[in-house]
Amino acid sequence: MAVSAAALVLGLAISITYSKTLTGSEKNLIEFLDEKPENGPRVREDVSWPGFPYLKQVSAVSVDGNGNLHVFHRGDRVWDAHTFDRTYRLKDTEQGPIPNDTVLVIDTSNGKILYSWGANKFYMPHGLTVDHFGNTWVTDVGLHQSKTEERVGCGVVFNDPIISFTLHNSMSVSSAELTAILVVLQHILVSSYRHFCVYTDSMSALESLHSLTERGHPTVMEILLLLRKLERKDFDIIFSWVPGHVGILGNERADNAARSMTDHMQRPVYGMVVPHSLTLVPEHDAVCVADRENGRVLCYATGMDGSEPGTPLASIENQGLGRVFAIDARGKQLFLVNGPDLWQNSQSVSSDHGLVLDIESGLPMTLWGPDKGFRLPHDLAVSPDGKYVYVSEIDLSAPKRVYKFNIRN
């Protein structure tokens, strides 16, 4: 059985149906900013809070069950345009892990550091959450990362089905070509056939599978692991390069399938692009995700009430919302900080304020932030008692790296 795979740069949205799309009524957030009403809680900065301006980039904050604030920072490391190479690997790894304690635990009543930890453990801190058992969960993008600027489509052709879909805009063309091969192998795994020839017009993808230096690429690793699994199941698979765009039927069909996903430069609505923050909403048996580059919040069933886990429940979106960096829910209120929209030139909510949205209607309730505005807020955390919200900053020009706000309902 023969299989053709091809991938093409650019991408088109495929729609997915949610049970509810909460657009926050016909009035968009730009108009809301002009009016600046307070239909929800009053959120005011605690100006006496120290703010820890001596820190550089603070990537995450979380409040534990005792009300203490956990701060995850990057020490002397700064994530900028020169941090990762073209293969998405961290540069300057010879520096080793950050030598300083990267986690600070702070008494929120007075802003004093209770203790710290994390020295010589992390390379590029990103996310941190303290669960209700007191466990601390962290992510480090210096240990596992993938980021580029292209948008991509992917097409895979079997003898009968043709599979095509949009990939994240964070994927490079070479990653898309590897993804096409991975999808082929995933479908081979459930096939009743045992002998396959996989044709591709991507020489770079085939070379990556034989390159020791590419073994760290996550998709290459997935492909190699899957090939070993297929081999153990007595599958016989060979790869063959074919020239592209010369009339080879299977290759042309795969190329056309990928191209069909790239006819319009629109915001993808199928799948998430950089899921950047999570929050549980127990009242609705839901987990909500900040789909950052799509400028929305997606909510799914957790399954704790017996429903199917992962069932889409709602998409909270509003014109001008911008990129959603962080969310945290308390009851029916969703606290949010955002950044400017990079997908289109239309006006969007600036990143110098936070928002409170009604989680059931999607309506904006409160606009909040420091008097001088945020620079580039990256994470937020609402205290378990709902009385305070903390925001971390990664912009080095910000007057504070961690803000504290009082919440009054």
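Note: Cβ is positioned from N, Cα and C throughout, glycine not excepted.
Residues Val61, Asp379 are given by TrEMBL as Ca(2+) binders; from Leu128, Leu143, Leu298, that same site also lists Leu128. For Cys299, the partner cysteine in a disulfide bond according to TrEMBL, taken from Cys197, Cys288, is Cys288. With the fewest other C-beta atoms within 10 Å around its C-beta, Cys299 stands out among the recorded positions Val61, Cys299. Put simply, of the recorded positions Arg74, Cys288, Arg292, the one whose Cα is nearest the Cα of His276 (Zn(2+) binding site) is Arg292. When the Cα atoms are compared, Arg292 (protein binding site) and His378 (Zn(2+) binding site) turn out to be 11 Å apart.
Apart from Val61, Leu128, Asp379, the residues listed for Ca(2+), the same chain places the Cβ atoms of Val58, Ser59, Ala60, Ser62, His70, Val71, Phe72, Gly127, Thr129, Ala326, His378, Leu380, Ala381, Tyr390, Ser392 within 8 Å of the centroid of those Cβ atoms. Shown in sequence order, Ser59, Ala60, Gly127, Ser277, Phe325, Ala326, Asp379 are the same-chain residues outside His126, His276, His378 whose Cβ sits within 8 Å of the Cβ centre of the Zn(2+) site.
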